[in-house]
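Enquirer: Quick one: this structure, given as structure tokens, is what I'll be asking you about.
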Amino acid sequence: MIKLNVNLQDRSYPIYISTDYSQIGKCIQSAKLTGKMVLITDTNVDKYQAEECVKAFSDAGYEVSKFVIPAGEENKNLDTTRDIYKYLLGLKLDRSATLMALGGGVVGDITGFAAATFLRGINFVQIPTTLLAQSDSSVGGKVGVDFEGTKNIIGAFYQPKFVYINVNTLKTLPERELKAGLAEVVKHGVIMDEEFYEYIDYNVHKILNHDEAVLQYIAKRNCSIKASVVEKDEKEGGLRAILNFGHTIGHAIETVMNFELLHGECVSLGMVGAMRMALYLEMIDEQSVNRVKNTLDKIGLPTRLEGIDVDKVYNQMFYDKKIKGSKLTFVLPRKRIGEVIQCTIDDEDLIKRVIASLGE
């Protein structure tokens, strides 16, 4: 088992990377979690992972209650949160209780939000089962729900007690989900580590064929990159914003498309848009733009969206949490892959040109 640490003073926590659930009991002991435990999962993950995970807890001497929520981004809302609260009330929990999120980004986000707000905060553990969650959303403490069609507009920063990654859960994912998760993996390479980006590009076939060694390395490198950013800027006051590369346009597309596209698919489109914006601003060369686009194409992620509604996407971007006054915030590559900067841009023609290019 691989162990990494996210160093945040009194909110520090470990990330464990394994190939099964056999060590999770030891992780609970190390975290000194002694209260009642509740596993939150969704209808998809419940079919494939919950039984094995609950058995691992049982084998380690822990009794776990389980609550299943409907799968899908459309259910990451206050109504589902209310259902979780009602279930927790019935268990008569105290503040020593622990909520454990077994699932992808939706389950992690909503479970973390419930943990942050129930009894003004109870323990929280992330057990991510998708590549997107293992590489990105489970690390860093961002939790929340969507509201009135806007993603993650209600939420908090709330760190887990630990993250437990079983890379073999990825074998149960539909190929589309696995590919969507790779978008966030590519993102980490583009923003901070060109060598890691090249590793991903070279190993796409092995990743999609669930090569265990490659998946473990990717999990380790991803978590290291994200942890290094979060340690310097836990609450997104500056540096952490670079993790939003591809997300300003991506989130807007995701909402306008009514979540018909997966988050990673929208981030893929957003990254292509960000690369083109940097090209139009003469911050990067066309070869670099094509490199990233070709990698995303190789994975099988969308790099164009036929019939994209430029005005709707543009207007939706102004609901972005990172907006500053009337200016939109973009993370753009500077000079090369592996280095980015944050820019505020209010050039409507430029932004619409970028969005329109995604439909060409």
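Using N, Cα and C of the backbone, Cβ positions are placed for all residues, glycine too.
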Enquirer: Of the candidates K151, K161, which does Swiss-Prot annotate as part of the NAD(+) site that also includes G105, V106, V107, G108, D109, T129, T130, K142, T169, L170, K171, T172?
Expert: K151
Enquirer: Can you count the other CB atoms that lie within 10 A of the CB of V107 (NAD(+) binding site)?
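Expert: For V107 (NAD(+) binding site), the count of other Cβ atoms within 10 Å is 30.
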Enquirer: Given L170 (NAD(+) binding site) and E184 (Zn(2+) binding site), what distance in Å do their CA atoms have, once rounded to a whole number?
Expert: 15
Enquirer: Please report the distance from the Cα of V107 (NAD(+) binding site) to the Cα of E184 (Zn(2+) binding site), rounded to the nearest angstrom.
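Expert: Given the Cα positions, V107 (NAD(+) binding site) is 17 Å from E184 (Zn(2+) binding site).
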Enquirer: Rounded to the nearest angstrom, how far is the Cα of E184 (Zn(2+) binding site) from the Cα of K151 (NAD(+) binding site)?
Expert: 17
Enquirer: By the DSSP assignment reduced to helix, strand and coil, which category contains T172 (NAD(+) binding site)?
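Expert: In three-state terms, T172 (NAD(+) binding site) counts as helix.
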Enquirer: With an 8 Å cut-off on Cβ-Cβ distance and a minimum sequence separation of at least 6, pull the same-chain contacts of T130 (NAD(+) binding site), or say none.
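Expert: Correct list: G103, G104, G105, T169, L170, L173, E177, G181.
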Enquirer: For K151 (NAD(+) binding site), what is the secondary structure by DSSP, using just helix, strand and coil?
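Expert: DSSP call for K151 (NAD(+) binding site): strand.
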